[in-house]
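Take a look at the structure set out below.
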């Protein structure tokens, strides 16, 4: 069902908003509701589940923050500080922090108004008490007045649950300060709820009312299915659920079927004023493209920044974290941009640094933020005038989210994407996706900054290495495009790309297989010059030189060992050849020598046998002589001892003779 939404003032809502909420809305400068707010807030206030599809920058955050607060304010009984009434899940820490900041705008105003009302109520009640005491002494009325006087003000507490902090500290904060509204990322929120239930077996979500899944399509794209399902199982089924998304994917619809009951589908579309055609971007956004070869892209970027950075807030999107790091260094170093405010933001930076950069750029009146798609969704950076896409996003869905950082909530904005001539079919592809673009002709006679960039790299090895790493990551990221029929990898000119990056040499990588390109491509610097490039940081350069010297010594040692092995092998071969030659020259002499040697060995063996026989013969004769002497002595002794003894001696002699015979 399609209908036109009345985007009137906030006081036109059927369910009237509280004074504190209206005061905060007025203070923030929102004079009227956006289409998504006009459609969603009444449904939420009427206890309906909602499945919302709306373009980025349409005011989705207020569409769920306001109903959450109003539902708590309209409760008959006040919440305890540890009663969990609502949970808001976001895909990233940065978006969770931003939602928390918006929520605190309302909660802080609510507490200030309650403090003022308490003072006024006390005075009024005291006056009424005096008047009633003068009129009549009614005990029942006095008791009612005392109850009113003791009535507590409404306090709503919130708790931020994101990674990078200690989960035990979150539990302590919850116990001490409460958490009626939880805002967090899926993993940390699920872990927190698990520990709360584990620590208090009696804990139940008795007061729970609303669950919000912000950027639901991205939650599922990032693989948060398990923690989201775990959270859904913990929460009571009697609740209100809101799914907010820029696109309604099949996964989002499946999640809606499992986690919602008869949801109202809200789809807010935008029509172009002149063509009256539906489009996926705000009508206040001037969306453009520029056809520019990769080797000229950096020159066009510098020219663009010179004309816009002083008076505008600009976000430039790159394909990878490494390209953000490299171009952040390069743009700061170019003379014509010296002193200009540059910021960098990507997923590999520490969380504390990302928060600091985000806050600094948000508060700046002008400047340029270089980022990956980390800052493409959900983040509400105020007053962004230009979004420039130096590289096309891998996922075409990210295109709309990138340009959605400008032209938010009815403000004017501008967007520009660089495309090479080989990528021009992307324009028609986006048009089919209801994202129209108009051409912005590239500037002529722009300053060529590439020689200066090469010189910058030549003077600092760190920047040179960052450039090489950036190009490798860019090439591999380009290869993984989800629109490979538009961004065809084999049509990417690696040589011109390296020139456009201002590299001093081509990196070694499997993607570069063109041997002719490797042989012919040059930056104008020789290999010896590149090897001598030093780090500006002395400590780092000292370590590099030590490493180079160590590698050099190892190479020399390895070379010496290889040469020694070659020489030894050569010597052995020469010796073998010499032996063979010697055998050929004196074959007969060698034969005679061998025969003589054999004869000598034979004679030696025969002599040894003869000597052994002679030795045994001499030993035998000596033993026999000794026995004869013993026999003679025995004969003389037997004559003295008598015939018995003689007989025994005869027996002994017989035994000895037998032994001699045996021997």
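Cβ from N, Cα, C; glycine included.
Quick look at what Swiss-Prot lists:
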- 54, 55, 56, 57, 58, 59, 60, 61: ATP binding site (BINDING)
- 531-658: coiled coil (COILED)
- 556-582: compositional bias 'Basic and acidic residues' (COMPBIAS)
- 583-594: compositional bias 'Low complexity' (COMPBIAS)
- 595-619: compositional bias 'Basic and acidic residues' (COMPBIAS)
- 649-663: compositional bias 'Acidic residues' (COMPBIAS)
- 41-266: domain 'Helicase ATP-binding' (DOMAIN)
- 297-457: domain 'Helicase C-terminal' (DOMAIN)
- 556-663: region 'Disordered' (REGION)
- 10-38: motif 'Q motif' (MOTIF)
- 214-217: motif 'DEAD box' (MOTIF)
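Known features from Swiss-Prot, placed on the structure.
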residue : record           : Cβ neighbours (10 Å)
54      : ATP binding site : 23
55      : ATP binding site : 23
56      : ATP binding site : 22
57      : ATP binding site : 25
58      : ATP binding site : 23
59      : ATP binding site : 20
60      : ATP binding site : 25
61      : ATP binding site : 22
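Per-residue pLDDT, averaged over the coiled coil (531-658), rounds to 78. Among residues of the same chain six or more beyond the motif 'Q motif' (10-38), those with a C-beta under 8 A of the stretch's C-beta atoms are 45-46, 52, 54, 58-60, 62-63, 66, 69-70, 73, 105-106, 109-110, 113-114, 266, 268, 409-410.
With helix defined as DSSP H, G or I and strand as E or B, the compositional bias 'Basic and acidic residues' (595-619) counts 25 helix, 0 strand, 0 coil. According to DSSP, residue 60 (ATP binding site) is assigned to a helical segment.
The record gives 54, 55, 56, 57, 58, 59, 60, 61 for ATP. Within 8 Å of the mean position of their Cβ atoms, the other Cβ atoms in that chain belong to 34, 36, 246, 268, 404, 408.
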